[in-house]
Amino acid sequence: MTTAPLSSRPLDALYVAFFIIHIPCSLIVDLQALYPRALIPGWMQALVSWYFSTYGDPILAGGMGLYGRPVDVVWLKSFFYLEGFFQLPVFFIGAWALYYGRHTWYPLLIAYAASTATTLVPCMAYLFSYPIASEKVSGFATMTVAQRWQVIGMMMPWVLIPTLMTVDLSRHSSDTTDIVSFPVLRTMTVAPLTSRPLDALYVAFFIVHVPISLIVDFQALYPASLVPGWMRGITQWYLSTHGDPILAGGMDLLTGIRPADVVWIKSFSYLELLFQFPSCLIGIWALSGGRRAWYPWLIAYGASTATTLVPCVAFILAYPVAAEKAASGFGTMTIEQKWQVLQPMVPWIVIPALMCIDLSLRVARVLAAQDRNGGPVALRKGAVLMFTSIADEKQFDVTVVSSKPLARGSTADIYEGKTADKNRVALKVITKTVDGDDMAREQLIRREVRAAQQVRHSYILPLTGMAITDSHTIIVSPLMKNGNLLLYLKGHPNANRNALDIVSLTLPEVRLLYTPEFAGPELLFAGDPQAGQLPSKNMQLDVYAFGMLMIQISSSHAENRLRYSQENRHGQAALRRQSS
């Protein structure tokens, strides 16, 4: 599959530049939070010291443990580990994959971008809530307004570009917006949920997630006057039993801690409300119905949710321990309480992470086929293609029965397929519909589809569905068990041709797929393909082609074809009849 140059793919060029710039920023600055101090060169330490004295960035300083209690900044430290062990390798992979147009890596980049955008949400909230002073101070206790906006300004590309990358690459991986689109993520027949154990696990996870979010997690966001007594009672019991500082922090119940140091918890509550909760509802609907076009969205959800659990787990592990339950204030936890809180978190980090990896691999397999074949799916035996119905624009799957075509033509090959309800269908794969550029070809196909929607006649084989790949147009029609008429007559030479009921209809908006045997001379010599000019087709040429077909059918030798050779002498077209 030919890859367009990076200069003609502006968004990919933006992402590549972002990755390239991010690599030295991470290696030289950010990851100093993880390096052994003795191994950091003096010039790198001096660079960070200048940065702190100028901007007073509490995020980098917190990750380096330069202020506050360890438990108060452990969430920042966890993000730097995530950057070092996950994001940094993706910078190299992403720059290479996007530069060379390797679509197979899109799912990984979607997961990266969603995870990165998720880490920036609490960081931005932290900066906006950080204490303000009129003058710069040492020790990172406060920031000036100028310092706050300087740090926020530097962070904005790290928020906006990963968010844009998530949306853009997800859209490219599951574009189902047009009737003639070919969604690349439909690679298998929709089986019952009971036969898809991982999908069933994800759906069960979503179903459990929904009431927990509504009843417990979102209490931090509800107005207190609207929270029913029974919901408040559940939360009070949970807090008194387990002493969960994360839920308590989201509800502003922690004492002896600055509001800025727990704002990350509150930001995750809003992220859960605005993104993760709707994704649970979408996930139930999409996975139950086998709607694979939503896989990229769920990849982003899985990456985002797993990312939010990383600082939560780190926070619980680092939380101060006491021998007895705290009487009030949630200042400490017992070892038993820690494990009681951590155990329910395990499914919330393992299942979203598994979902992200599993769905990424599913999408990557199909995108890999697209890279190899120049189109989303090869017509191999057992491949399942998704089509859009011409009648109602609903989507349906067709399984390819054989890799060997039933018939071949100059512009199309016919394969046998089978729908989910076992109906045999013909897959007409048009490898070259018309000369000219892709836009002109697509406009012609759209016109044919709209015309087919308006044509209903018992003698016309209906066009039931269509899909377009990068290199093929694929049309679905019912499969005639006796083959096409010419093949039938060839196999039954004694058939009474005069008794055949052949009906000719005038269809001004429906053009036949012309072959050299049946094309009129005006069509053979019209248009300039190099200039992108399409040959002109009209009703007269339709009648000519239909007449040629009738002559061949009525001939006593159906296997004979009327062929023409063409010559162009001094601008004069000459046609000669040949018999095969």
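A Cβ is built for glycine as well, from the same backbone N, Cα and C atoms used for every other residue.
The feature domain 'EXPERA' is assigned by TrEMBL to 11-166, 198-356. Under the heading domain 'Protein kinase', TrEMBL lists 400-580. Annotated transmembrane segment per TrEMBL: 13-35, 47-67, 79-99, 106-129, 149-167, 200-222, 268-287, 299-321, 341-361, in sequence order.
Only residues 6 or more beyond the boundaries of the transmembrane segment (13-35), in the same chain, are considered here, and those with a CB under 8 A from a CB of the stretch are 6-7, 44-45, 47-48, 51, 60, 63-65, 77, 80-81, 83-84, 87-88, 90-92, 94-95, 98-99, 109, 157, 161, 165. Sequence-distant contacts of the transmembrane segment (268-287) (same chain, at least 6 residues past either end, Cβ-Cβ under 8 Å): 118, 121-122, 193, 199, 202-203, 206-207, 209-210, 213, 217-218, 220-221, 250, 293-294, 297-298, 301, 304-305, 308, 312. Here the domain 'EXPERA' (11-166) returns a mean pLDDT of 94 for the predicted model.
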